[in-house]
Amino acid sequence: MSETLERWGSKRAFILAVTGAAVGLGNIWRFPYVAGENGGAAFLLIYVAFVLLLGIPVMMAEILIGRAGRRGPMQALSALAAEAGASPHWRWLGLFGAFTVFCILSFYSVVSGWSIEFLVASVNGNFNGASAAEIGAGFEAFLANPGLLIFNHSLFLFMTMTVVAAGVAKGLERLNNLLMPLLYLLLLLLAGYAATTDGFAPALAWLFLPSFEALTPSVVVHAMGHAFFTLAVGACALMAYGAYMPEEQSLPKAAVAVAVLDISVALLAGIAIFSVVFAQGMDPTDGPGLMFVTLPIAFSELPWGSVWLSVFFLLLLLATWTSAINLAEPMVATLQGLGLRRSISTAIVALSVWLIGLLSAFSFSTLSEFRPLFGRNVFELVSSIPPDVFLPLGGLLIAVFAAWVMPRERVVSALGVGESGYRVWRNIIRWVSIPLTFIVLLAGLL
Ligand code: PHE
Ligand code: NA
């Protein structure tokens, strides 16, 4: 009896951990603004297709490497490469993943800090009776104040690294998933309310009726990057979770469940946000401020608006917190693998992410015109290149390793769906996911 309970507990713990990593700013903040900048429905269509064709199979590849290796990413990769008689250099893929999450966390922490600021503002009732224009102007003024951005960035990073150092991420994941249905419900409520407004019909058309001239190569590249980003795939960050997957759990089922949940959270947020955009005559291409400006407007029209808005930002913060922990963990594990103590490793990661994050925080004021590469400032760089290039590249290598390098029997047993299920997965990843990712990456680089 206790054994069954224990197994049930860990099966569930695995789903909780992966959901915690997946659902975050990517769904509620990043999806709407990137879709807004990339033609709406054309982007959504391609992004969903990529989640199905690349995201889910590569997520399975990433987790099964961890499940077969039963160790941290670098060690698992080198052990499995040795077993297959392949190059020991495969382990550097783990390091590349750590570099990718380093870049991502540096801006993720700054934007999560915006949620802290907005939580406090909504608890204080600052949005009560404010007009759309006032809320927009307030957000601009906030971004122009680097001290405030840095304060919130520091606070968020401190919250994240404390959990990482204390090793209590599991407790937080449980809390997150207990409250996730509430976040979902709030978004449903908002989307339902949006259905009664003038913005709803144009929002649906914008999100679901693709115009094919909008479908440019750059839209395809951004859609692929976002598919990897939102599922937390391609940085070896999910790899570690495979190590504590129970024997009898089906990996494909878990991956599909997480992907469906992740897409549906993004869709609800998108419907709510674009309804406000069109009702207020705002511009869908408004950029990273889109969610922060629209949702306070949407909530302010509901009874008890500032209460719901506060609850919303609290839940959003919880969701981004568990994602940030997943971003930090592989870096700490990598340093530990080099022989450093956990506390020292955590401190080094915290300090360096904090420092690089300052460049993102200043990108909205002092450093807005500091454009080191491709005419983009630091925030624009770290919020686009790692998701659009590094994650797909990492995912591609992960897929090649699992589908072509790893010993076949190890893959069959780690997938946990028998021989025929293995063949389906292998055919998809070999002949669809790998070539598709390669082609889109190449097209993007050219
Ligand atoms: N999936 C997270 C989100 O949508 C971000 C993330 C990316 C987390 C990569 C871990 C690794 O917010
Ligand atoms: Na996500």
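Even glycines carry a Cβ here, placed using N, Cα and C.
Please treat TrEMBL annotations as automatic predictions, because they have not gone through curation.
Per TrEMBL, the features are:
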TRANSMEM  12-29  transmembrane segment
TRANSMEM  41-65  transmembrane segment
TRANSMEM  92-111  transmembrane segment
TRANSMEM  149-169  transmembrane segment
TRANSMEM  181-209  transmembrane segment
TRANSMEM  221-244  transmembrane segment
TRANSMEM  256-282  transmembrane segment
TRANSMEM  302-324  transmembrane segment
TRANSMEM  344-364  transmembrane segment
TRANSMEM  389-407  transmembrane segment
TRANSMEM  428-445  transmembrane segment
What parts of the chain pack near the transmembrane segment (12-29), using Cβ distances under 8 Å and only residues at least 6 beyond its ends?
63, 108, 111-112, 169-170, 172-174, 176-177, 180, 187, 226, 229-232, 237-238, 241, 244-246, 249, 254, 257-259, 261-262, 265-266, 269, 288, 290-292, 316, 319-320, 322-326
Under 8 Å, at least three CB pairs between the transmembrane segment (221-244) and the transmembrane segment (344-364) (pairs 6 or more apart)?
no
Considering the transmembrane segment (302-324), which listed stretch of 41-65, 149-169, 389-407 counts the most C-beta pairs under 8 Å:
149-169
At an 8 Å Cβ cut-off, counting only pairs 6 or more apart in sequence, do the transmembrane segment (428-445) and the transmembrane segment (41-65) clear the bar of 3 or more pairs?
yes
Paired segments the transmembrane segment (344-364) and the transmembrane segment (149-169) in contact, 3+ CB pairs under 8 A:
yes
Output the single range from 41-65, 149-169, 256-282 maximising the number of Cβ pairs under 8 Å to the transmembrane segment (92-111).
149-169
Honestly, do the transmembrane segment (181-209) and the transmembrane segment (41-65) touch, with at least three Cβ pairs under 8 Å and pairs 6 or more apart in sequence?
yes
